[in-house]
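Listed in TrEMBL:
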- Cys246: heme binding site (BINDING)
- 337-477: domain 'Flavodoxin-like' (DOMAIN)
- 517-717: domain 'FAD-binding FR-type' (DOMAIN)
Amino acid sequence: MGDRFNSFYHDDMHPFVKAMLGLLTGAGARARRPGFAPKMLYSKSNQQFHDDIDELQTVAKQLLDERRKHPSDKKDLLNAMINGRDSKTGEQLPEEVIIRNMITFLIAGHETTSGLLSFLFYELLSNPEAYSAAQKEVDDIIGKQKITLDLLSKLPYINACLRETLRLHPTAPGFALTAKEDQVLGGRYKIKKGDVCVAVLPLIHRDATVYGEDAEAFKPERMLDEPFGKLPPHSWKPFGNGMRACIGRPFAWQEALLCVATLLQTFRFRLADPSYTLQIKTTLTIKPDNFHMKAELRDPDMIDELVGGIGASSTTGHKKQHKQHNTAEADPNAAPLLVLYGSNTGTCEALAQSLSSSAARHGYKAKVATMDSLASGMPKDIPAVIITASYEGQPPDNASHFCNWLEKADRKELKGVRYSVFGVGNKEWASTYQRIPTVVDSTLAEKGAERLADRFAADVTDGSVFDKFDKWQDEQVWPAMSKAFGEKGSSVEQSQSDASELKVEIDLQSRSNLLRQNMQVAEVRDTRLLTKPGAPRKRHIALNLPTGLTYKTGDYLAVLPHNPIENVRRVMRRLRLPWDATLKIEEGSATSLPTGIAIPVYDILSGMVELAQSATSRAVQIIAKTIPEEAASKELAYRAGDESFQKNNISVLDILEEYPTAEFSIGQFLGAVPPMRVRQYSISSSPLEKENVASLTWSVIDAPAKGRGEGRHFEEV
C-alpha cells in the first residue's frame, strides 16, 4: 500500500499494531459475553475497543489521503481499490469501503499465519522423526543457498507438514453456514431454511472414516501430494468455504513455507520446557499458549553467508552493453495472434504478457485482451490462446461475459475459430479444479472450433506455473501454430535456446563517478574465514585486479565502502523515511552529491555519505536551532562548544537520536555529513605469487562506541 510500519526496527509496537491486537482481543472477549449482561459492566473495555477501531480507521484514512495527494502508477492493492471498477457494473468502491478493506488486509494473516507456525513447531518438536525429515529436506534441496521461489516449490514434506498442522490445529477453527432450504442432514438432523450451522473444523479434520484410526496423530505423510489429492471433498477446509474462503491463501502459504525453510536452514530448535503440554489460547483464532522454544545457530558463519556475504561478480569492465538477440519488437507484417486471459489475481494476465513477448520471434504480433473483451464473438481469421483460471468453479470477473456468450453460441458462430487453452488452478480445491478452463476448451471444440494445442492444466501449488507455461508454449503451441499456418519465425529449438532479453546497460562506475573518485572494479576471487570457531574472526579476501593494474610489496588497496546497514536503518527510522523513497537534489546546489537526478535515499545513505563521521560544531549548532524545546536547544548549543563533546566522536545521527524532537530534514542531514571517502588497506599478498591478484586480511571492529550511549557499537573494517 506504499507504506511500511518497519516493526522490526522499533522496540515499541506501531500504534496500528497495538490497536489491532487490542481489537482482536476485544472482539474475542465480546463474543463470549452473555447477551443479558448489562453494558455498564464493560464500559471501560467497550471504550478501549472503540478507541482501537478509531486508531485503525485513522491510520487507514491517512494512507488513503496520502496516496490521493501523491498518486502513483504502481499496480498495488491500494491503487486497485481506488481506481478499479467493477467489470459488470462499472462502479468504484466508496471511501468507507476502501478504508474497511485496508484494515482487513493490514490485519489479515497476523493471527492465522503466526498461529500456524507456532503449532507447526510444537508438532515438529514433539515428533523428532518429522523434525528430522523436514530438516533433511531443507538441507538436501536448499543447503546454504539463498531461498528462491523455485526452491520453495521443491519442499513436498514441509508442504505436507503445514497441511497436517492445519488439519489438527486449524487456526480459524470454524465457519458458519446458513441453510437455503429445509433439509435433513445425514438422514438424522432436520434443518430448517435459515438455520445457522457451525462447521467445527477440529472435529471434521479428525474424522476417523477419512483419516484412519490414527487421525489424532501428527502424520505429515498422509498429506503428501498423492494421498492429499485422494481426500474426499470438504474433508480439509482450514481456509474456509465457498466464495468467502480466505483470499490471502496463496500469500499465507508462500509466507509460511519461506519462514519454515529459513528457520530450519539457519537454526536448531528445542523446547524451552521439555515437559510442556499443549495449551490453547483463544482470541478470534487459536494458538499455543505459553509455548516457548530455544534457537541455536546451526552454523555461526551461515548468517554472514546469507545476509552479508561477499559475492563475486562476473563483470570486470566499467560498462557492459547487453543487446537483445531476439528482439520482442514485432515485424509490422507479422501475422496477428490474439491472447485472451481471465484473471482475478494477475497470474493469468502475467502469463498472457509472457506469451505476447515471445510471439514476435515466432513471427506473430500478439494482442493481449481480457476474455470479456470478446463477449460478442471470436474472430475466425486470427488464432487465439486463452489463459484462464477458476474461482470456486466460477469464471474470473473479466471472463464471465465471455463464458455466458460461449454457453449460448451456436456452431455457426464458432466454426472456423482456432484456439488453444491454458488452465490455471489449485488442486486443493478438488471439486472445482480447472472447471472453467475445461468448460471453455470442451465447449469450443463441441461447437465446431478447431483446437490447435492440447489444453494444459497447471497447478499453482507446485510453484512452477511459469516454467510449465514456457514448456507448453515451446512444445505444443508454437509447433501447432507452425503446422497450421506455416513457419513464420525462428525455430522452436532456437526459441528454447534464446531467452527473451531486454536491452540494458550495466554501469559499474556510477557511484565512484558521482563521488568523483577514480576507482575501478575488481572481481572477488576468494573469501574465507581464517580463524577457528569461538576465536575472534579474521578473514581473507582475494581480488582479481582490473586489466593493466599491478602492485608491489607494501602497496595499499583503496576501497570505496558502504555504511553498515544498521546505520542506514537508523537514519531512515529517525527521519521517518520509507525504504523505497527517492530524492532529487536541486541542480546548482553546493554539494558533491549528484544533482538533478532522482536517486533512492537508501543508495545515498548507504554508499555516498559518511554516517559515522563526527559532527562539526556548526552542524551541532544548526541541529540545536531546530529543537522546539528551549532548554534542550540551549543544552545542545552549549555542548557544541565543549571540547570533551568533540573528542567523543559523536555523529550527526547520534545527536538526532539523542534529541528526537529536533525538526531536521533529510536535506539538512545530507548537508551536515561529508561525502563518502575511500579506505586504504595494506595488501597482504605478494605480487611474486600472482601479480594480478591482491589479497587483504581483515577483521571487523565491533566494540562499544565511545560517548555514543549505552548499547551503541562502533563498526569498522
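In case you wondered, yes, glycine gets a Cβ from its N, Cα and C as well.
Predicted automatically and left uncurated, TrEMBL annotations should be read as such.
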Residue counts (helix, strand, coil, in that order) that DSSP gives for the domain 'Flavodoxin-like' (337-477): 64 helix, 39 strand, 38 coil
Cβ neighbour count (within 10 Å, all chains shown) around Cys246 (heme binding site): 17
PLDDT averaged over every residue in the domain 'FAD-binding FR-type' (517-717): 86
Secondary structure at Cys246 (heme binding site), reduced by DSSP to three states: coil
